[in-house]
Structure formats: C-alpha cells, structure tokens
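Peer 1: Would you mind keeping the following structure in view while I ask a few things?
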C-alpha cells in the first residue's frame, strides 16, 4: 500500500451519506471539517484532490423533518435540492478556514456519456485543480430521476477518477474495509487487506445492500474500484472516521482495503466508451464474431450480427453482447439501428446494394471498440 498511495499526486476522495450526515442527523460539521483539514494538508503537499460527496438527500430529509427516505421521485428530488445548499455551504466554510477555495460541481452520468460534455467537464475540473481549488462533486439528483433510483456515488467517484486521470480513488465508508463476508452477520468473516481490483471473487464477497440513507453497499465499492482500475487508478476502501485517515494513507500507512489496478490503462477515447452506463442500443453477435473480437482483436462485421436491439444513430456508443446475454464489448456504431437491421447477417460486400450507400465495411471498427 505504501508505494501506491504515497506516490499518488492526483486523488479522488469519495465519502458516503451516512458519514457526511452522521447517520441522517444532518450535515456533520465536525466530520466535514476534519476531512477538509486533511484535504487542505494534502493540497499543501502539492497534491491535487477532488471530493465526491454524498449527503444531499439525507441533509434535505433532515431539513424537511422527514424521518424515512421517501419513495416518490419528486420528493427525493426536492430533498436533494434543499440538502445540496447546506452541503455546499459547509464544504465552502470548512475549506476556507484553511485558505483553500472550493467549487461545487454537479454531474449526471448523461454528462459523461456525451463526448463533448465529457471533455468540457474534464477541462473544467482540470482548470479548477490548476487554480488550487478543490472541486466538491455530487450527482445532480434534482434533475435526473433514474439515478436516484439506481445510481450511486461510488460509481461517480470512479467515473471522476477516470475523467481526470487520477492516481488513486479513496472511498471513505462506515466499515473498516472489505471482508470475505458480512462481519455483522458472520463472525468468521476475514478482513481483506489487499487484492487486485476486478478480481471476480471480490464481487461475490461484497454482495449485499447498503443503508437506507445511501444507495450503495460494499458491492458498489468493489465495482467502482474495478471501473477506476481501467484508467490506472488504485482504490482504497477505509473507515471515514479513522483519525487522519487521508494523511496517513498518503504517508503510505496500510489502512483499510487496497484494491490495486493491474489492468492495462485504456486510451482516452476508449476510457470514455467504457464509462458509459446507459447504452443507446445493443447488437447481439454469434459465437464466431465473439471469437474474432476477443481472440483476434478484429472489427465487428455485419455478418456476425444476429440481432439489433434499441434505437441508435451513427456514432452512438452501443453494447455488443453474445447470444447468452454476456457483454463482450462496446463501441461506436458506424450505422444507425434501422440500417444495422437491414445489413445484419449479410456480408460487407452487400451493404451498398442493401442501403444504396456504404459508410464502412464494419459495423464497429476495432479502433472504436473496447472489450468488456
């Protein structure tokens, strides 16, 4: 652990709802002040830090006097709008005590799915870092209802790490780290001090849901580490109330669980494609095409496509799945879904006669394809 964190120059820190709001009792000023002191100290060491903070909905619930998390989307959105005010004010106040400027950045996964908006978000965050300002990032829950239902800030933390090419992602949680089983239920649970991010066994170990305040459990943290590893960022999962946890990690101390990035770093455009959470459509391919993509690094040709699902246009990111539903890859479509249906199962030599024109002989070119 010492080398991974000690050498990290750009770090994304993610903190969850239960920590930020002290289990839903409202924004925990002391805890946020403590993290901000550590962030300021890291910045003083010449490191660049970004904070991904949950807690807007939980803080809004407290301000509105709600004891239970509502199920209606419009009520969740209202709580997020109310709570985001207090959250931003608290971070600004605590960071300013140390002479550090802060910036509020609200993102949705849709912002990162559009290539131009993705690059704009990246440019903004890198500019803030160059100005010695600490971005405080959250999902824009007020306007995107499907993220309130299914999203989580662990995923957002990984997406931000990939967006800015961070060296490390630190996920602060209410648990000491990852165990082989839920330690609250299994006294034989074994603590995992270090593992390789993306190891399938980790996902089996981390199964289970989180608290009623937040949206993720340990499984979302393991999956976030896997996602962050694709850009070369290693992940630490640690207890957020451990004294000086960020400073001690940066000094190389072994705290929590380290999930090391061992996969090859993706090129920038392929990283953007890999980070898509919601694809416009899907093409289902036969076993021969699966082998060509996986084993030979070939482009996807229309003749290997057996089914086209969804509606998409040329240039959209689409999923490529096997006939048993496993995602094989994703990439930029050379043809719209209506065109793809006409040329599926046909040799590339027939594209022009079928469509009246031919963009490319491939459904997805290998340079625009990233394997799952």
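Note that Cβ sites are derived from N, Cα and C of the backbone, with glycine treated the same way.
Okay, these came from Swiss-Prot:
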type    : residues     : note
BINDING : 14, 173, 174 : ATP binding site
BINDING : 54, 141, 153 : substrate binding site
DOMAIN  : 280-358      : domain 'PUA'
Peer 1: Of the residues in the domain 'PUA' (280-358), how many are helix, strand and coil by DSSP?
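Peer 2: Counting residues by DSSP class gives 28 helix, 23 strand, 28 coil.
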Peer 1: Please report the number of other Cβ atoms within 10 Å of the Cβ of residue 141 (substrate binding site).
Peer 2: 26
Peer 1: By the DSSP assignment reduced to helix, strand and coil, which category contains residue 14 (ATP binding site)?
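Peer 2: In the DSSP reduction, residue 14 (ATP binding site) maps to strand.
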Peer 1: Rounded to the nearest Å, what's the C-alpha distance separating residue 54 (substrate binding site) and residue 173 (ATP binding site)? Just drop the number here, would you?
Peer 2: 11
Peer 1: What number of additional C-beta atoms lies within 10 angstroms of the C-beta atom of residue 14 (ATP binding site)?
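Peer 2: Other Cβ atoms found within 10 Å: 29.
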Peer 1: Nearest to residue 153 (substrate binding site) by Cα, among 14, 173, 174 (binding-site residues)?
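Peer 2: It is 14, whose Cα lies nearest.
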Peer 1: Reported as an integer number of Å, what is the Cα distance between residue 141 (substrate binding site) and residue 14 (ATP binding site)?
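Peer 2: Counting only the Cα atoms, the answer is 16 Å.
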Peer 1: Hey, for the ATP site built from 14, 173, 174, who else sits with CB inside 8 A of the CB center?
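Peer 2: Here the nearby residues are 15, 16, 18, 19, 171, 172, 175, 221, 237, 239, 240.
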Peer 1: Fewest other C-beta atoms within 10 angstroms of its own C-beta: which of the binding-site residues 54, 153, 173 fits that?
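Peer 2: Relative to the other binding-site residues in 54, 153, 173, 173 has the fewest Cβ atoms within 10 Å.
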Peer 1: What three-state secondary structure does DSSP assign to residue 174 (ATP binding site)?
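Peer 2: Going by the DSSP assignment, residue 174 (ATP binding site) belongs to neither helix nor strand, so it counts as coil.
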Peer 1: Please find, for 54, 141, 153 as listed binding substrate, the greatest distance between any two Cα atoms, in Å.
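Peer 2: Across 54, 141, 153, the two farthest Cα atoms sit 11 Å apart.
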